[in-house]
Amino acid sequence: MSNVMQQPKIGFVSLGCPKNLVDSERILTELRTEGYDVVPRYDDADMVIVNTCGFIDSAVQESLEAIGEALNENGKVIVTGCLGAKEDQIREVHPKVLEITGPHSYEQVLQHVHHYVPKPKHNPFLSLVPEQGVKLTPRHYAYLKISEGCNHRCTFCIIPSMRGDLDSRPIGDVLAEAKRLVEAGVKELLVISQDTSAYGVDVKHRTGFWNGSPVKTSMVSLCEQLAKLGVWVRLHYVYPYPHVDDVIPLMAEGKILPYLDIPLQHASPRILKLMKRPGSVDRQLARIKQWREICPELTLRSTFIVGFPGETEDDFQMLLDFLKEARLDRVGCFKYSPVEGATANDLPDQVPEEVKEERWNRFMALQQQISAERLQEKVGREILVIIDEVDEEGAIGRSMADAPEIDGAVYLNGETKLKPGDVVRVKVENADEYDLWGSLV
């Protein structure tokens, strides 16, 4: 008969954005380190943790449904994450939830787990945790979160009320985590935060230390150091501050990926003012032109909102005109949706749903045409591709221009001997609006 004690089991569900995924990874790493077993089925677990999203109404609904499912299948549920900042809203629907915490409340979550499912007598030989921690992404890429919160007060957003003001991680800690990930086999680091280009503003860009040398806490310094690790480094959620210009030469030199994810949101100065976003469209177009002159391989991704309160046909036409001139590579578009607690809800002249839908369709049709033309320019060229999946039909990867889950893919039909994480040279043979097809060189 075995004398090995049964490890307590925790079920876990993670909803929302990559930043939430990083929070989940941190909680799971601590649980595994303490000897808890993480299981895929709620009915096998001693307790379930639901890490929620509360950014838009559909995310709130998804989170509430996930909580309900966990309660039905298990009964012992702890809720954390962004929606946890609205405890009353959760308890109104699910009064039987045991405990509720807000986002990045790691220690509170663990304390609650210890209370309801006491910490096991940990045997390190039974529950080994890799040095880089538990990761919910494939082994070859990882999200690297550099800060929490945001100092902006965009009228459509409630993130600051949930995650607080900007709180930058010490640059030495960020770089140490990046190094551990690379040593564990990660080939691509995706730098994320609510506002990546504001990194270090809250600490007045104080000097930190890495490998015994002083390093300034700033996005540019961080990129310079990450470049030394010899892996792909991709920047997300980059607010268009002037100093963003300083990272473009690093991209041109091949030190970090020539990829910028800049959420511009709109192009009408009047709508941008209502959103409390920077509003110089001409300046932004000039910068895009300058960036491309310095780094011709640059891929630009952005997101936009159509149907924002007060948006007229003239405002929307300005947005379409901007798309035609900017010719962005990757674009996401959302129909404005009221978010509980957002100040934009109180703005006059709400746009009817059918108008939002019609504008969204026009926006997407134009951008699909632009995207198809941009990708067609790559046919006949050779590009580097990182492999994500391999099955009996071939391999699927991404180019330097493609972030996981949100951008396009590169299909290599018949290439069944590659492995996820391989970086290969590919000749592009075909393209559509979003994806490429090619063969190994």
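Each residue, glycine too, has its Cβ placed from N, Cα and C.
Cys17 is the only one of Cys17, Cys150 that Swiss-Prot places in the [4Fe-4S] cluster 1 site (with Cys53, Cys82). The [4Fe-4S] cluster 2 site is set by Cys150, Cys154, Cys157; from the centre of their CB atoms, other residues of the chain with a CB within 8 Å are His152, Arg153, Phe156, Ile158, Ile159, Pro160, Gln194. Taking the C-alpha positions, the distance from Cys82 ([4Fe-4S] cluster 1 binding site) to Cys154 ([4Fe-4S] cluster 2 binding site) comes to 17 Å.
Taking the binding-site residues Cys17, Cys53, Cys82, Cys157 in turn and counting surrounding C-beta atoms within 10 angstroms, the largest count is reached at Cys82. Reported as a whole number, the C-alpha separation between Cys150 ([4Fe-4S] cluster 2 binding site) and Cys53 ([4Fe-4S] cluster 1 binding site) equals 16 Å. Counting in whole angstrom, Cys154 ([4Fe-4S] cluster 2 binding site) lies 18 from Cys17 ([4Fe-4S] cluster 1 binding site) by their C-alpha atoms. Break the domain 'TRAM' (376-441) down by DSSP state and the numbers are 1 helix, 34 strand, 31 coil. Between the alpha carbons (Cα) of Cys17 ([4Fe-4S] cluster 1 binding site) and Cys157 ([4Fe-4S] cluster 2 binding site) lies a span of roughly 14 Å.
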